[in-house]
Amino acid sequence: MKRVGNQPAKIQKKYRVEDDAKDPIQVYCRIRPVQSNFESSCIKVLSDTEIQIYCSPDDRGISREGQFSYKKIFTEYESQDVVFQNMGLPLIEQLLAGKSSLIFAYGISGSGKSYTMTGNQDDGGIVGRCFDVIFNSIQNYQAGRYTFKPDKLNGFDVHSMEDILFFKSEEFKNNVKNPTKTSKKKDGDSDRVPFNYKVTDIEQDVAYSVFISYVEIYHNYVYDLLEDVSDGEIRRNSKIIREDANGNMYVHGVNEQEVINAVDAFEWLRKGQLRKRTAPTFLNMDSSRSHTVFTIRVVQAPLDTDGISIIQDKKYTVVSQLSLVDLAGSERAGKAKTTGQRLHEAGEINKSLSNLKQCLKILYENQSSSNLRNIAEKIPYRTSRLTHLFKSFFEGSGSIRMLICVNPLSEYTELLPVLQFGEMSGSVQVKRTTPLRMDIGLTPGRRKVIDIQSINRIPCAIEEDARFPQDNKINYELRENCFGSYFNLGPPLPDWEVDDLLDGEKRQELVTALDQRIKKKDELREILITQSNDIRSQIVFLESNYAGAKQEINSLQILRDQDTNKVKQYQNKSFLLENEMASLKRKLEFLDGENKRLKSDLNAKDNMLNQVSVDKDLLKQKYNTKIVKKQEQLSREFKDKWKVQENEFEAKLQDKKRKLRHIKNIVESTENIPGHFSRRIVKRTLSDESLVKIEPVVNNDVPSDSKQNEPSQATLRYLRSRRSKSCDPHERWIEHKPPVPIPLQTIMQPKMKKRKSVTKLTDAKTVSNNGASKYCLLTQGSDEQGIPEAKLYKADIIQTMGGGAQIVFNDVETLKQDSPIGGSPVKNRIQAYNNEVKAHRGGPDDVQAKCYGIQGGYTPTSRK
């Protein structure tokens, strides 16, 4: 292959992005035809660019309507041809000129998106018509198969003739080994109606090749629909999305098939559609459960100076693509009646469509004049694989067109968000990219010159002219037109007869013509010898190249065999790893199910514990309230009892005081009466329990000496024996004593075995943290008569809920010393009375008798 002889002084860019120029997203709307005539439609077409939807009045008589405008409205009467000529045909012209484009088909489930994109055998959609237009336009300018090959980095490599021969031989071997994998023409292909249209304004000094890829986005994962798997096999490996050196997003590792005609492209499209995920729903019998992206990539490379070979430098190669996206329809679970896996699929579809809406909405808000923010909001392209794949288009790498498909039988609430989203998308601006013709400084029209010069060239067996019979016809016509000039041996011989031989002029004219033809023949012979020598030298050169190529092929075959063995080893290893991965996946699913079950059990137990804790807190609060109420009740009862006892003690004290006054009155009244009467009165008074009334003294009743000598029987009041509470050995006491106690010098003392003595009680922790249950406060003082006494105030220690303690007093013990000699108030009064009586009567016997009479005894006869 010949190389380029001269390099251009300046290389132009493949495309230029105008900084200020922007184009809006062109949004079209198509209305699906209504199948039944009696069904009413909620859509009304106002003009070619305006549409109106409305709903019937509800129970309250309120009706709603909305009006929207788009680039163009396709009614239900317009065919697929009209839709393609308005939407697809301009994008094909841009594709062949080197500019990329994107088409979205958006709408609810059952609105006719898939039919518009793919169509059927009788009426093809946008994809099929794109095939026809592309191959009709480039049929005379196509490069041979395997001239371009993907480099796995979203670019293409240009191969030499040797590489092309090697790849073709490999394909021939594979077809011989696996004849079932060869493409066969289907019976239905002949029934397809082609779209006879082509683009005439294309670059002719360029070689074109067409590559296609077909992917689907299912559950936010990208799967290749054209990967080399058998029919019915499930695809297991998802693809990832990457960014190339030019900032364009692409699916890494996707299978890009080179197609040479529309039939071949339709065959790959059919294979991809058979692997596409679809399922029947209540709204659509063949509902798409994934977003599909069909990409057509046209690779262009200029011809060299000879106009025969392609320049193999990648920087001169231009790659443009047309992405045709069939979005899965948004649906409501209640109306579509989806459950289980279908419901989960619908959720993922609605989620990805929602992210698409959000991205376009943020783009619109960032571009609108009402956006007063200093920093534009970040667009979440990476949230969904759909928006991540077409991020470069939204940022200005190509033009975008959107087709809104609507079903007139849909409800108002379903159509309103779809039409609103379409109208909002029409306001989004994307940067304009201007494609440039590839100008590398070579003479234009090189291909035509070479075609004329190679009319008589014998076609090589490896060339693919048999694919295009029309090329042979064109070459034959050119050969017929140029035959006379190319093989002219001189001027034509003059017409002459036998008689004309005698004519000298005609004879001389014939000799001149023959000389010129002989001269021309010699020139042609020299040209033939020169060309033969050139051909021989070229044959020798080709033979040498062939020998070197053969050796290289042998070495490459050895390397290929080694690589084949490695591939087999890796395949076996991958098979084992896949089995292991499948077992681990099953185990993981089992563990996930077990984890979910345990989590549910744990949540149930947590709820039960929370309920028990709540019940416990309520019960605790309830009993705390009861305890507080009970404490208050006990406190009130204790106060009432304390008041009752205090009143009783006060009454007893008043009774004693009354008795003492009564005795005092008796003593004072007996100073003037005889002694035998006074003793009886005092005796009766002391022995009577009721001293409220004094019985009258009878002077006539004089007792006999025998009765006087008998001891009087005084009524004695016995107190019940009472054990002190301080004698319980099991209780723990806190003894609160005065700092400097006064020695009582008594035998009776409070006995508390388990006690802690304190003199100051300033901290509540002394009572609450000591573990004591009883409290005793010791006080020392004197009574009204000045007799020393000690009082023990006893109480119970009750622990409170706040961690403190409460002291409740419940008993008082009084320790008082009483002497039989003196010290008692009663005895002091009696002693004073006896002294007065003795002083009055003047005799010791009378004083002694009175003392015995007051104490309730009898007067011994021996002491008289």
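Using the three backbone atoms N, Cα and C, a Cβ is placed for every residue, glycine included.
Fair warning: this is a prediction, and the values are worked out from it, not measured in the lab.
Per TrEMBL, these features apply:
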| type | residues | note |
| --- | --- | --- |
| BINDING | Gly107, Ile108, Ser109, Gly110, Ser111, Gly112, Lys113, Ser114 | ATP binding site |
| COILED | 539-601 | coiled coil |
| DOMAIN | 24-428 | domain 'Kinesin motor' |
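Annotated features taken from TrEMBL, shown on the structure.
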| residue | record | Cβ contacts under 8 Å, 6 or more apart |
| --- | --- | --- |
| Gly107 | ATP binding site | Lys113, Leu327, Gly329, Ser330, Ile404, Cys405, Val406, Asn407, Val418 |
| Ile108 | ATP binding site | Gly329, Ser330, Glu331, Val406, Asn407, Ser410, Glu414, Leu415, Val418 |
| Ser111 | ATP binding site | Arg32, Gly329, Cys405, Val406, Asn407, Ser410 |
| Gly112 | ATP binding site | Arg30, Arg32, Cys405, Asn407 |
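Mean pLDDT across the domain 'Kinesin motor' (24-428) comes to 84 in this model. Note on Ser114 (ATP binding site): other Cβ atoms within 10 Å of its Cβ, all shown chains, come to 24.
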